[in-house]
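These notes concern the structure reproduced below.
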C-alpha cells in the first residue's frame, strides 16, 4: 500500500525545459530538436527557424530578379542622363522605393503568415468526444461544422481534418502549405508564401510600393527617351542609344496593369475589412444589399478598417519555430490527414498525391500566376503530408532542413516514443478507417502507443489512426 | 512504499485527464476564452476562482489586441521604417504576452498547483485553448 502523501505539484518542475528534462531521461542520444525541424506543414525554414517560406517557393526568384534587373538597368542607363538633364533626386527616390519594395517583399515571403499549430492529440481527442454522437458506429464521420454567432450574425466554423481542430473564423487551410492560416487571404506564388494575418500589411505595402516603383521607372524612362529624341534626334535613334530603356519599358508596361489592378483590389479589401478568400467565395455579399452590412468583422468605417488591417497590433508567431521540442511529445496530427477523411477520399488522395502532386501544384501556380491570385485552399484537397515509400517526394527539391517529418522519415524518432499520457482518452470507434493504406503498416509497427486502452486492433491503418 | 519511488515520481505525478477551455468567438476574432466552468473541475476548484482566472486572461488579451492611438502609432512607425524597428523593439503584444505568462505562473503557484491542477499558457497551444491538466490524487489530499 502506498503511503506517500499527496504531493503538491511544483509547476516549475512540470513545465521544465526539455534540455534539463533530457538530462534525466535515458534517451541519451537525442540532441534537442527545435520545433521547426519537426513542423508538420509544408514549409521551409532558414537561419535555424528564423525565416519561414512555403515549400514551393513559386516564382519568388523571378519576382526578385525582375525587380533587381529592372532597377539595375534603370540606375545604370537612365539615371546618368536624367541626373544631368533633370535632377539628382531621381536616383535617390528610385533607390528609396527600391529598398522599400525589396524589404517588403522579403518580409512578406519570410514571415509566418499566421499559421495555426495543429491540435495536440489530447485536444483532438477532446474535440472528437464533444462532437461524437453517442453510440454512432457508422464509420461515416458526422458533419463537422459548428455554428457560432459573431456580432449577431451566424458564422459556420468548419473542422479541419488535417489540423484536427475547428478552424477559427476567417481561418482557412492552405493546401499548398498544408497549414491553417489565420485571416487567410491567398497563397501568393509571386511571393512564395501564404498571405495571412501576420504578413498582410507587408504584402500590401509591397504591392503599393511596387506600383509606385513601376510607375516611377516607367515615367522616368519615358522622360529619358523623350528628352533624347528632342535633342534633334529621331525616336529610333534615341532608342538605339539606350536599348536598356526599351527593356525597362516593356517590363514596366506589362507589370503596371497587373500591379495597379492588384493594388486597387486590395485597397478595396482593406477598406471593407475583407479577405481575398471571402471576396472570391462571396461569403458576405448577397446577404443583404451592401457589402458592409453583411460582413460581421467590418467596423463600417473605412478609416477604422484600414487602420485595423494595416496598423493594428501583430500577434507573434504561434508556431514557436525556435522553441525546443519537449522530449515526450509525439508530433500531433502530423501525417494522419488521410485517416480522418472518408475512405474513398483517402484512397483517392493517396493516388493523387503519389502521382500528380507536383503537376497539380505546378498547374495551380501557372493558373494563379496568370491571375496573380491563387485560389484559397480548400479542405477537401488537403494534400497528404506523409511521403509514401518508393515515391519521390512531391516537392521538386527536397530541402535538407525541411520540417516535414513524413510518417516514414527515419530521422524523426518521435514515432518510436511511447505516449502513455495521451492515450488515456477513449478513442471514438466511429473513426475506424475501412481501407488502410499499405504504407501505414510500417509506421504502425514502429509506433508503440503503449496504452492498449485506445487501440482497436482491427486494421493496422486504424491502429495508426487511433494512436494519438 | 515511499523508498521505492524515484525522484521523478514525486516530481511528475500521473496525469489523470485534461480539460480544454475553448475560444469564445461571439465578439469576433479577438482572443477570448469561454468562462463556462467545466464539470471535471467541480471537485477541485471553485467556480468563482476559475471564472476570475479566465476573465483576467481575457482582459489581458484584450489589452494586447487593443486598437488605439498607441497601437496605430506603433504600426505607422513600423511601416515607415520598413518594419525594421521590430528587430530591436518588442511589440506591445509581446509585452502583454510576457505579462500573461507571469500571471499564469503566479496562478499556478498560488491556486492551481495546490489543487493538483496545472494551467498551460494558451500561447503554447496556438491561442486555441486553455489547457488544464488534472493530476491524480495519490492520497486523499484536500486542497491546501
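Just so you know, glycine gets a Cβ as well, placed from its N, Cα and C.
Nobody curates TrEMBL annotations by hand; they come from automatic prediction.
From the options A:11-34, A:35-58, A:83-106, the stretch TrEMBL describes as transmembrane segment is A:83-106.
In TrEMBL, the transmembrane segment annotation falls on A:202-226 of the listed ranges A:127-151, A:152-176, A:177-201, A:202-226. Counting residues 6+ beyond its ends, the transmembrane segment (A:246-271) has Cβ neighbours under 8 Å at 66, 69-70, 73-74, 78, 185, 203-204, 207-208, 210-211, 214-215, 217-218, 221-222, 225, 239, 279, 302, 305-306, 309-310, 372-373 in the same chain.
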